[in-house]
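*Asks:* Once you've had a glance at the structure underneath, I'll fire off some questions.
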Amino acid sequence: MEVKIAKTAGFCWGVRRTVDKVMEVADHASGPVVTLGPIIHNPQAVARFREKGVGTVDAVGEVGDGTTVVVRTHGAVKEELDRAEGRGLEVVDGTCPYVKYPQAIAQRLSAEGYHVVIVGDANHAEIKGVISYSEGPCTVVKPGGPIPEIPAKKVAVIAQTTCIGADFEAVVGALALRHKEVRAVNTICNDTEERQADARSLAREVDAVVVVGGKNSANTRHLAEICREIQPRTWHVETEAELRPEWFTGCQVVGLSAGASTPDWVVEGVAGWLRGLHRPGTP
């Protein structure tokens, strides 16, 4: 089976930066090391960190004194960071710089009197963190979902960094018809836009697509959605253990894409399985 791997498959720059920080801290810390929430949305990578002795907590109140707290790639709620600093805990900030951008925009524009609208998933750690930096009310709009009435003349629209561009534009356009002043700041990260464009191109060239990454990874789910719109034979898996030979009946070429939090070794595991797949009717 021929396998075409997307150029952008695997760790993005921001995730690799955070992973390297965690490994460095784990190697040199004199006390316990924990991440504030899963460091990235990939169960296989989190398991590797656990093997290195790095734990995961949901709140600073769960850790003891002398613990080093690493902030996850998606950032953290400001109040939790304040609690950690108030206790004198060592905090290593692993927040992706692209995530810090919407945090700063929300803080600045809310201070200027704008009602901040965020296009994304209200339950995602990144969005919870961004909201905590706003100095005024925020409204989160789910992509494709209804847009509530917002009692404000000035509205600022930002996006979850992994948002699909068309979803962001749709919300901006709808709000522009309702409000006198709408300020839109595209906070979708460059890697996300490149990765999504790469996935679209790949899906047009192959007989099936496999997207690899955590089922809890927003950017991976979006890649699968994008590919499926073009190539209906698209599957989202976490590892090669989920693959089934019958999915690829009649396929000559399979495309392989992966989310920004998918480790290289997981991508290679899936690629190896696909390359070794025997197609009926071939020697």
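Cβ coordinates are placed from backbone N, Cα and C, and glycine is handled just like the others.
Take a look at what Swiss-Prot says about it:
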BINDING   Cys12, Cys96, Cys189  [4Fe-4S] cluster binding site
BINDING   His41, His74, His124, Thr161, Ser217, Asn219, Ser261  (2E)-4-hydroxy-3-methylbut-2-enyl diphosphate binding site
BINDING   His41, His74, His124, Ser217, Asn219, Ser261  dimethylallyl diphosphate binding site
BINDING   His41, His74, His124, Ser217, Asn219, Ser261  isopentenyl diphosphate binding site
ACT_SITE  Glu126  active site, proton donor
*Asks:* Taking the Cβ of Asn219 ((2E)-4-hydroxy-3-methylbut-2-enyl diphosphate binding site) as the centre, how many other Cβ atoms fall within a 10 Å radius?
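*Replies:* So the Cβ neighbour count for Asn219 ((2E)-4-hydroxy-3-methylbut-2-enyl diphosphate binding site) comes to 26.
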*Asks:* Quick check for the class: what is the C-alpha distance, in angstrom and rounded, between His74 ((2E)-4-hydroxy-3-methylbut-2-enyl diphosphate binding site) and Glu126 (active site, proton donor)?
*Replies:* 5
*Asks:* Can you tell me how far the Cα of Cys189 ([4Fe-4S] cluster binding site) sits from the Cα of Thr161 ((2E)-4-hydroxy-3-methylbut-2-enyl diphosphate binding site), in Å?
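*Replies:* Cys189 ([4Fe-4S] cluster binding site) and Thr161 ((2E)-4-hydroxy-3-methylbut-2-enyl diphosphate binding site) have their Cα atoms 5 Å apart.
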*Asks:* What are the non-local neighbours of Ser217 ((2E)-4-hydroxy-3-methylbut-2-enyl diphosphate binding site), defined as same-chain residues 6+ apart in sequence with CB under 8 A from its CB?
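*Replies:* Result: His41, Asn42, Gly259, Ala260, Ser261, Thr262.
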*Asks:* Nearest to Cys96 ([4Fe-4S] cluster binding site) by Cα distance: which of the recorded positions His124, Glu126, Asn219 is it?
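*Replies:* Considering only the listed recorded positions, the nearest one is Glu126.
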*Asks:* Write out, in the order they occur in the sequence, the residues of the chain not among His41, His74, His124, Ser217, Asn219, Ser261 that have a C-beta within 8 Å of the mean position of the C-beta atoms of the recorded dimethylallyl diphosphate site.
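*Replies:* Other same-chain residues with Cβ inside the cutoff are Ile40, Thr73, Glu126, Thr162, Gly214, Asn216, Ala218, Thr220, Gly259, Ala260.
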*Asks:* Using C-alpha atoms only, work out the spacing between the residue listed as 'active site, proton donor' and Asn219 ((2E)-4-hydroxy-3-methylbut-2-enyl diphosphate binding site) and round it to an integer in Å.
*Replies:* 12
*Asks:* Around Thr161 ((2E)-4-hydroxy-3-methylbut-2-enyl diphosphate binding site), how many other CB atoms lie within 10 A of its CB?
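*Replies:* Other Cβ atoms found within 10 Å: 28.
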*Asks:* Give the sequence-ordered set of same-chain residues, not counting Cys12, Cys96, Cys189, with Cβ within 8 Å of the centre of the Cβ atoms defining the [4Fe-4S] cluster site.
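*Replies:* The answer, listed by sequence position, is Trp13, Gly14, Val15, Thr73, Pro97, Tyr98, Val99, Thr161, Asn190, Asp191, Thr192, Ala260.
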*Asks:* Can you grab the distance from Cys12 ([4Fe-4S] cluster binding site) over to His124 ((2E)-4-hydroxy-3-methylbut-2-enyl diphosphate binding site)? Cα atoms, rounded to a whole Å.
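*Replies:* Cys12 ([4Fe-4S] cluster binding site) to His124 ((2E)-4-hydroxy-3-methylbut-2-enyl diphosphate binding site), Cα-Cα distance: 19 Å.
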*Asks:* Across the listed dimethylallyl diphosphate-binding residues, His41, His74, His124, Ser217, Asn219, Ser261, what is the farthest Cα to Cα distance, given in whole Å?
*Replies:* 15
*Asks:* Among all protein chains shown, how many Cβ atoms are found within 10 Å of the Cβ of His124 ((2E)-4-hydroxy-3-methylbut-2-enyl diphosphate binding site), not counting that one?
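*Replies:* Result for His124 ((2E)-4-hydroxy-3-methylbut-2-enyl diphosphate binding site): 19 neighbouring Cβ atoms inside 10 Å.
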